[in-house]
Amino acid sequence: MRFTKMEGLGNDYIYVNCMEGEPEDLPTLAVRLSDRHFGVGADGLICIKPGRTGDFTMEMYNADGSRGAMCGNGIRCVGKYVYDRKLTRKTCLTIDTDAGPRGLELAVRGGKAEQVTVDMGQAILYPEVELEAMGEQYTVHQVGVGNPHAVIFCPDPEGVRLEELGPVLECHPNLRERSNVEFVSCQDGHDLHVRVWERGSGITLACGTGACAAFEAARRQGLCGSRAEARLPGGTLGLEWREGRIFMTGPARTVFEGEIEMG
Ligand SMILES: N[C@@H](CCC[C@H](N)C(=O)O)C(=O)O
C-alpha cells in the first residue's frame, strides 16, 4: 500500500489515497502504522475519499484507532495532497468530514500548496465545569469545534505535567465526553500559548482544532480579540473570528512517500 507522510506544525499523519477503494480494517491499520517503532510513525491515519457533497472526504483515525470527526492540521494537508497530486486544480475547495463540510483556500507557490486557510465553522461553548485531577482543582471550558475540547487557562502551559494529567483529564467523568485537552495562556489580547494532549494520540506538537477551541474560550473570556496567533510546540497558527466563524491559517508539508507491505 502506498502512503504519504505529511505534517502541519509537526502534527503528523499517514495519508492514504482511497479514491478508488480502501484497505480493510482502517482502525487496526491506524494503530499499526502510527507506531513510531514498529510502524511508519505518526499521530494517526487520514484517508482521502471521494466527496459526499464536497470535492473530497477526509476520514481520520487517531493513533489508538479511534475515529476523530475533525482534524484542523490534517485537513490543511488534505488540501495540499489533492492539489499537489493534481486530483483537483481548484484552490478553493470543500472537504467533507464527520463534522460536516469545511471550506479551504490554498496559497500556491511554484505549483505546490504551501499555506492553507480553513473555515473551521462555528465553535460551540458548553457550560464550564470545575473538576479535580491529581489533587488539583481545574476550571474547564468545554468547546466543540466538530470534536470535543477541554480548555484550561493557566499562567505557564510549559510547567504543566501534561504526560500525567493528559490521560486523566481526557477521560474525566465530569466532562461531556472523552476530550482533547489544552492548557493555554493568553497575553497582549492576541498571543495564545497552547500545549495539547490529544484524545487517542497523547501529546502532539500541535492541534488545529485545539488552537481554535483555545481561541474561542479566550475570546469568550474577553482575553483576546477577533484575531490571534496560537503558538504551539510545532509552530504558529493564525486565527481569525469573522461573523461567528473561525478561520485558521497555517502550513502543510509533505515529509516523504512510501510503500508498506500489507498482511
Ligand atoms: N490533530 C487534530 C485533531 C485530531 C482528532 C482528535 N485527536 C480527536 O479525537 O478529536 C487537529 O489538528 O485538529
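Here the Cβ of each residue, glycine as well, is placed from N, Cα and C on the backbone.
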Among Asn11, Asn17 - the residue TrEMBL places in the same substrate site as Asn62, Gly72, Asn73, Asn147, Asn180, Glu198, Arg199, Gly208, Thr209: Asn11
Assigned conformation of Cys207 (active site, proton acceptor) - DSSP reduced to three states: coil
8 Å Cβ shell about Asn11, Asn62, Gly72, Asn73, Asn147, Asn180, Glu198, Arg199, Gly208, Thr209 centroid, substrate site members excluded: Gly68, Met70, Cys71, Gly74, Val196, Ser201, Thr204, Cys207, Gly210
Farthest-apart CA atoms of Asn11, Asn62, Gly72, Asn73, Asn147, Asn180, Glu198, Arg199, Gly208, Thr209, residues recorded for substrate, distance in Å: 16
Cys207 (active site, proton acceptor) to Asn11 (substrate binding site) - Cα separation in whole Å: 7
Long-range Cβ environment of Gly208 (substrate binding site), under 8 Å and at least 6 residues apart: Gly8, Leu9, Asn11, Cys71, Gly72, Asn73, Gly74, Ile75, Arg76, Val118, Met120, Leu237, Met248, Gly250
